[in-house]
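Asks: Please find one structure pasted underneath; my questions will follow.
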Amino acid sequence: EDDFQFILCEGCRQESPNLKLLTCLHTLCLGCLTKNEPLGQCPVCCTAIPQANGIPDMDNLLFTNLQARLKIYKQMVDGVGLFCDNCRTAGEFWCSECFEFLCTKCFEAHQRYLRWESHRARRVTDIRAGAAKDFLEGIRRAGNLYCSNPAHKSQPVSIYCQRCEKALCCSCALLDNQHAPFRDIRSETQRRQEELSSMERELRRRRSGFEATYASLQGEAARLEEAQREMRELIRQRVEQLVRLIRREEEELVGLVEARQEQGRRELARELRHVEGVLRRMEAGERLVEKMSLYATEQEVMDMQPFIKASLQELQRLQVPVAGNQAEPFAECRARLQAL
């Protein structure tokens, strides 16, 4: 189960049939998005959610479908509810194309009528003996793309129209002269996956700059805290030498230090949150592209790749902020203390 924790909601860490993919590439369920505070931003990295109601339009098809497939695998492993979907007798086979359990009799009919349509039915005992990754890989190999034309939804496709950027069946490609030029759908799927992988590699390269800035900002925050402690101690040592009449000056100086420290802390905290949010978006992008390459069917790649690509391009346009530009926070305090 540790291998598939990534398919859970990143808010409540629970399975959900309604997983949404945010532009920051984090995945949250509708429940977490509905009660999210503040509304309109990712609770993981604080990136704004473009939709006014705080609910993204993009479903995480990969994670949702993986949950459904793993439930079937768990059903086989547990041996619970294994009934033929046709006659409700004991199911001994499972077809990765039909997504149905079959008894021996129905399996024989299935093989006889569908053997030319690449349906892969395997024994439940064989699937149970294998790992979950092997089961998912078998489904991935068996998965087909279907025509984007609603009238031909059951038609498998092997053609990609570069003009309308859609998958087509042979009927659409031959009868509609608006579609051209064409490309093999396998090549297009591979090109999209390679494009995402290339962007992910570039993201890894750029990530080091953000990590360095994040570490530098953390060090700067620690130095700010140390400077605040040292200044307060120095103020106390000096003021204790003075008479009671200048106690008010001590209080003003301490208050000034607190105000400068709070101002500097807020500025650094804001920068840290920004850089941390970008890093989390990059981690989410790397993880999602990796899981797409491992588990996504071609349908999922076709549906999700443009959305993920746009989010990765937005990340690529971000500039690494320069750390270490904070002015000396206690200069005014030092000057007043010297005068005192």
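In case you wondered, yes, glycine gets a Cβ from its N, Cα and C as well.
The shown structure was predicted, so the numbers you read here are calculated from the model rather than taken from an experiment.
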Asks: Give the range, chosen from 154-206, 207-259, 260-312, that TrEMBL lists as coiled coil.
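Replies: That would be 207-259, the stretch labelled coiled coil in TrEMBL.
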Asks: I'd like the per-state residue tally for the domain 'B box-type' (83-124) from DSSP, helix first, then strand, then coil.
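Replies: Each residue of the domain 'B box-type' (83-124) counted once, the result is 15 helix, 11 strand, 16 coil.
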Asks: As a quick check of your reading of DSSP, tell me how many residues in the domain 'RING-type' (9-45) are helical, how many are strand and how many are coil.
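Replies: So the counts come to 5 helix, 7 strand, 25 coil.
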Asks: Going along the chain, which residues at least six beyond the ends of the domain 'RING-type' (9-45) come within the CB cut-off of under 8 Å?
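Replies: Contacts with the domain 'RING-type' (9-45): 52, 54-56, 58-60, 63-64, 67, 276-278, 280-281, 284-285, 288, 304, 307-308, 310-312, 314.
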